[in-house]
Amino acid sequence: MSDIKKVVLAYSGGLDTSVIVRWLQDTYNCEVVTFTADIGQGEEVEPARAKAEALGVKEIYIEDLREEFVRDYVFPMFRANTIYEGEYLLGTSIARPLIAKRLIDIANETGADAISHGATGKGNDQVRFELGAYALKPGVKVIAPWREWDLNSREKLLKYCEERNIPVEMKKGKSPYSMDANLLHISYEGINLEDPWAEAEEDMWRWSVSPEAAPDKPTYVELTYRKGDIVAVDGQEMKPHVVLETLNKLAGENGIGRLDIVENRYVGMKSRGCYETPGGTIMLRAHRAIESITLDREVAHLKDSLMPRYAEVIYNGYWWSPEREALQALIDQTQNYVNGTVRLKLYKGNVDVVGRKSDDSLFDEKIATFEEDQGAYDQKDAEGFIKLNALRLRIAAGKGRKL
């Protein structure tokens, strides 16, 4: 263990990572550099500085990454209309590549020979952090304390703090759930949620009112798109992270974005989790709406066929992989004409698309109309089209093939 001289730790300032700081110092006799990222988790990150200083940390990195997170990770993901297993908007998964990147950047800047994280040995995050780290710095050493130590309960962690005089802040009103938050979503796991039959308690949800308690009057919002990304809300241009903050507020007020699922983790187990992704729920509906009038049919269908694979790549932690980059290049190319405006109605947990328009629209009213089209579409042409497409079916039926 003496070959480890300096470690960069993904540090939240909470119980687990505060214990990890001291554990790394004691176990590896190394210097610890802490890195705390503000990706919109809704908590002050600056107090992490004082906590790290109290633990003897000399190099402390605290960074506001909200704009980079939404611009370079969330928006590219939403260009693909990405959902995992038909429901999950990948709020936790998409935050890990940026954190892994900054851990490696800081390791390079400080001359550290290892990185460390507080992900457990049961979850997906250990995979996501470490796959990203190895892709960006192949020879880096990764220390995952939860896979090494025997501090496998909150009681043992608190006892460790008491024995070593590590200050622990016990917040009043702190949720008993295991939670993870960023600008895209907040997740809840543990306690009664470990029973897939138990309904989540109403006071668990932090970002949204219940649909029943949402206003009786709908809220309308218009989103402007440029090359597949939202650039304005109700005509007001905004930076990407401000767009998401704005949509989170609007959606949360209208009871939008709650999800309760059992998902298949990459490590092999099934896990029940509850998620609030208010702004992301709006973004998914709106993006599909603007694509519906601007994308060629076959391009849209190709994108839809690739989306589950793209979602799986991100969920499993392969953001920094050649397959993700190849898929991203194709997805981004499809967005060149995804420009225009979508109007949505938000009402008691529902997001309804009520209008869409674009200068790049492929919707031709003269052809699509049920009224007189002045010869724009000759209905007689349909007969040959149908006969050609039925040819294989007619041949098979003529040979006596049974379906």
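Just so you know, glycine gets a Cβ as well, placed from its N, Cα and C.
Feature annotations, reproduced from Swiss-Prot:
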- Ala10, Tyr11, Ser12, Gly13, Gly14, Leu15, Asp16, Thr17, Ser18, Ala37, Gly118: ATP binding site (BINDING)
- Tyr88, Ser93, Asn124, Arg128, Ser178, Ser187, Glu263, Tyr275: L-citrulline binding site (BINDING)
- Thr120, Asn124, Asp125: L-aspartate binding site (BINDING)
Quick note, Asp16 (ATP binding site) and Ser93 (L-citrulline binding site): C-alpha atoms separated, nearest Å, by 20
For the binding-site residues Ser18, Asn124, Ser187, the one whose C-beta sees the most other C-beta atoms within 10 angstroms: Ser18
Indicate the candidate from Gly14, Gly118 with the smallest number of other Cβ atoms within 10 Å of its Cβ, considering only these binding-site residues. Gly14
Given the binding-site residues Tyr88, Ser93, Ser178, Ser187, state which is nearest to Gly118 (ATP binding site) when distance is taken between Cα atoms. Ser178
Per-residue Cβ crowding (10 Å cut-off), top of binding-site residues Tyr88, Tyr275: Tyr275
Taking the Cβ of Thr120 (L-aspartate binding site) as centre, how many other Cβ atoms lie within 10 Å? 16
Sort the binding-site residues Thr120, Asn124, Glu263 by C-alpha distance from Gly14 (ATP binding site) and give me just the closest. Thr120
Cβ neighbour count within 10 Å, max among the binding-site residues Asp16, Asp125, Glu263, goes to Asp125
Tell me which of the binding-site residues Ala10, Ser12, Thr120, Asp125 ends up closest to Tyr88 (L-citrulline binding site) in space, Cα to Cα. Asp125
Most Cβ neighbours within 10 Å, among the binding-site residues Ser12, Ser93, Ser178, goes to Ser93
Listed binding-site residues (Ala10, Arg128), ranked by Cβ neighbours within 10 Å, top entry: Arg128
Taking only the binding-site residues Asn124, Arg128, Ser178, Tyr275, which one has a CA atom nearest to the CA atom of Ser18 (ATP binding site)? Ser178
Rounded Cα distance, in Å, between Ser187 (L-citrulline binding site) and Asp125 (L-aspartate binding site) is 13
By CA-CA distance, flag whichever of Ala10, Ser12, Thr120, Asp125 among the binding-site residues is nearest to Glu263 (L-citrulline binding site). Asp125
